[in-house]
Amino acid sequence: MALANTGSEAEPVEQSSHPEIEQHSTKVLMLGALGVVYGDIGTSPIYAFREALVASSHGTVAQRGDILGVLSLIIWSLTIIVTIKYIMFVLRADNRGEGGVLSLMALARGSFPKRSAVILGIGIVGASLFFGDAVITPAISVLSAVEGMNVVTPTFQPYVVPLTLVILAVVFAVQRFGTGGVGLVFGPVTAVWFLAIGLSGLKHIIADPEILWAISPHYIVAFLIHSPDVAFVTIGAIFLAVTGAEALYADLGHFGRKPIVLAWLSIVFPCLLLNYAGQGAFVLAKNGVVGHPFFEMNEGWALIPMVVLATAATVIASQAVISGAFSLTRQAVQLNMLPRLEILHTSEKQSGQIYMPRVNLLLALVVMMLVVGFGESSKLASAYGISVTGNMLVTTVLLYVVMTRIWKWRLWVAISLTVLFAFIDIGFFASNIVKVFEGGWASLLVAFTIVLGMWTWVRGSRYLFDKTRRNEIPLDFLAGNLLKKKPQLVSGTAVFLTSDPLSAPTALMHSLKHYKVLHEQNVILSVVTAPQPVVPDSDRVKMETVNELFMRVTLTFGYMEQPNIPRALAICRKQGWKFDIMTTSFFLSRRSLKASPNSGMPVWQDRLFIGLARTAADATEYFQIPTGRVVEIGTQVAI
């Protein structure tokens with residue numbers, strides 16, 4: 001991936017000696033990016049222009065100035081937020097090729113000598129807001145597409161919500177089988193979708209080419225001046241046109257910057273502009289009657305195929321968001337912002353294709369509750385913008401840290417860009433926050449719940465670590481005493497998993513206390529997560545000899561990797577340790593937590609932390625340790 005001189009830590013990529021192969025690969029990735037990256041923003045024309053016009057006209061007939069003003073706002077929002085902010089700047093802030101708010105947080109946080117708690121807090125908020133968006137996108141996308149049947153026949157109205165629930169149930173049910181096979185058709189279907197919406201808009205632009213005057217920003221100024229109070233509310237609806245822009249950055253690691261940029265500039269951006277302009281021309285031709293312009297401008301035989309295609313496109317958009325939620329959750333787990341959760345790999349070739357049963361179930365329940373509770377896409381639209389605008393504002397703040405501390409840009413350049421982007425983000429956020437009582441509370445409630453859970457887990461883990469360290473014996477002290485006065489030694493190797501390699505693990509102390517024996521070779525093993533997506537094998541293992549009985553081993557994994565302890569320990573052979581899984585026993589401590597008024601956290605937070613800990617996946621399965629080689633020792637800890 002080619003990078004400008006931004007000072008990024010990304011390693012240079014060797015140029016291919018076969019340009020025709022590289023060109024073919026780029027085209028394939030572009031096609032894939034259409035289905036995964038642009039599914040969300042690509043389905044926004046179904047409802048964005050309509051909702052903006054309804055807001056500007058109070059549900060009555062829209063005036064010519066309103067139509068041109070709304071269209072101009074959409075055009076320039078797509079240009080500034082997506083093309084300039086994300087395409088030109090944010091996509092360059094990759095963390096070893098990976099993107100997303102947690103990747104950006106890890107990159108920014110790593111630039112501080114001591115990992116900044118403030119940056120961690122900003123990252124938690126950003127991730128939580130993403131989940132607020134992730135539950136609304138499938139609901140509003142599929143619901144708005146199915147509502148297209150009302151244009152075909154109004155008698156379909158009673159079946160809109162039930163059919164939407166059936167489609168969503170199928171989407172969530174098939175997650176366990178993976179998206180490898182289905183994913184092959186995502187790109188082509190989405191390509192047909194963009195071509196179809198572009199052509200449907202072009203037809204009406206040709207009929208009324210004067211609509212293209214909306215490209216002039218003076219219509220925005222006139223719209224804002226004429227009715228500032230109405231314009232303020234309308235801006236919140238305008239933002240629906242750019243929801244999904246954050247997916248460009250979130251999926252950076254899957255496709256790379258070049259295919260994402262080329263797909264936007266050559267296909268997505270032009271087709272979106274054509275469709276929005278076509279909707280504007282269509283409403284002008286109807287003398288300002290809003291209705292449902294996206295579907296209504298596809299007259300005659302084209303209407304039903306467009307409804308079917310829209311439904312397929314919204315399902316693909318939903319799939320992209322669900323996959324993104326799985327990926328973000330895995331990153332949060334690896335960065336110790338959430339407890340270990342069960343992760344199932346659905347592809348032998350692509351490590352990024354994963355399925356998380358609990359996350360999938362929670363998403364399905366919340367999405368379906370939103371569909372039933374709101375009932376119409378127009379009502380859901382009020383709930384949509386808050387979490388996305390908040391996420392974009394978080395990205396702007398973290399981008400400023402990267403520009404100043406990692407890229408080493410001049411301060412005035414970084415401040416100028418940050419002020420511009422933040423001004424737009426805050427403007428959109430402010431216009432959306434007024435919709436809290438109209439439905440915006442839904443996404444905020446989801447985000448707040450995630451923030452509370454992550455904050456409790458991070459805080460509780462810190463308290464538990466500190467308390468455990470205070471009560472444990474330093475490893476070096478214990479190892480020295482055991483060397484002087486050896487207990488009975490048994491053959492083989494014992495590996496003790498611990499989060500604190502400087503202290504004697506609880507499992508080791510219980511083994512000495514109850515069994516009075518020690519293995520000939522004892523390994524104190526800790527697993528840490530680096531602030532980068534992938535760690536090369538050369539940096540995977542760090543070994544340190546304590547004495548002839550004990551050795552300290554640290555395994556390092558990237559936040560996008562699934563820890564595999566046996567495979568990582570095999571690397572130790574190159575460093576002199578003849579690791580043999582068949583003569584090795586793994587000792588794990590299983591803690592039973594009890595709430596204590598002296599933990600430093602409120603009792604309710606103690607109980608929440610304990611509840612989260614109980615949901616954690618089994619360490620044996622999570623670290624992929626053979627079950628026949630594991631010994632678990634239970635302990636009770638009051639926090």
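Quick reminder: no glycine exception, Cβ is built from N, Cα and C everywhere.
Feature list (source: Swiss-Prot):
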COMPBIAS  1-16  compositional bias 'Polar residues'
REGION    1-21  region 'Disordered'
TRANSMEM  29-49  transmembrane segment
TRANSMEM  67-87  transmembrane segment
TRANSMEM  117-137  transmembrane segment
TRANSMEM  154-174  transmembrane segment
TRANSMEM  182-202  transmembrane segment
TRANSMEM  220-240  transmembrane segment
TRANSMEM  260-280  transmembrane segment
TRANSMEM  302-322  transmembrane segment
TRANSMEM  354-374  transmembrane segment
TRANSMEM  383-403  transmembrane segment
TRANSMEM  411-431  transmembrane segment
TRANSMEM  436-456  transmembrane segment
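Within the chain carrying the transmembrane segment (260-280), a Cβ under 8 angstroms from the stretch's Cβ atoms is held by residues 26, 30, 33-34, 37-38, 41-42, 44-45, 48-50, 67-68, 70-71, 74-75, 78, 82-83, 87, 91, 191, 194-195, 197-205, 211-212, 214, 241, 248, 251-252, 293-294, 297, all 6 or more beyond its ends. When Cβ distances are compared across the two stretches, the transmembrane segment (354-374) makes contact with the transmembrane segment (117-137), since 3 or more pairs at least 6 residues apart fall below 8 angstroms. Taking residue pairs at least 6 apart in sequence, the transmembrane segment (436-456) and the transmembrane segment (220-240) share fewer than three C-beta contacts under 8 angstroms. Counting residues 6+ beyond its ends, the transmembrane segment (154-174) has Cβ neighbours under 8 Å at 138-139, 142-143, 146-147, 182, 311, 315, 318-319, 322, 360, 363-364, 367-368, 371-372, 375 in the same chain. A contact links the transmembrane segment (182-202) to the transmembrane segment (29-49), because at least 3 Cβ pairs that are 6 or more residues apart lie under 8 A. Residues 121, 124-125, 127-129, 131-133, 135-136, 332, 337-338, 366, 370, 373-374, 379-387, 390, 601, 605, 608-609, 612 of the same chain sit 6 or more residues outside the transmembrane segment (436-456) yet have a Cβ under 8 Å from a Cβ within it. With a threshold of 8 Å between CB atoms, the same-chain residues lying at least 6 positions outside the transmembrane segment (29-49) that come near it are 70-71, 74, 82, 137, 140-141, 144-145, 148, 183, 186-191, 193-194, 197, 237-238, 240-245, 247-248, 251, 254-256, 258-260, 262-264, 266-268, 272, 275-276, 279-280, 293-295, 310, 313-314, 316-321, 323, 377-378, 381. For the transmembrane segment (383-403), the residues of the chain that approach it from at least six positions outside its boundaries are 81, 85, 89-90, 93, 101, 104-105, 107-108, 111, 119, 122-123, 125-126, 129-133, 136, 140, 236-237, 239-240, 243, 245-246, 249, 370, 374, 409, 413-415, 417-418, 421-422, 425-426, 428-429, 431-433, 435-436, 438-444, 446-447, judged by C-beta separation under 8 angstroms. Outside the transmembrane segment (117-137), and at least 6 residues removed from its termini, the chain residues within Cβ reach (under 8 Å) are 40, 101-102, 104-106, 108-109, 243-244, 246, 250, 317-318, 321-322, 324-325, 328, 332, 337, 363, 366-367, 370, 380, 383-384, 386-388, 390-391, 394-395, 397-398, 401, 442-444, 446-451, 454-455, 458.
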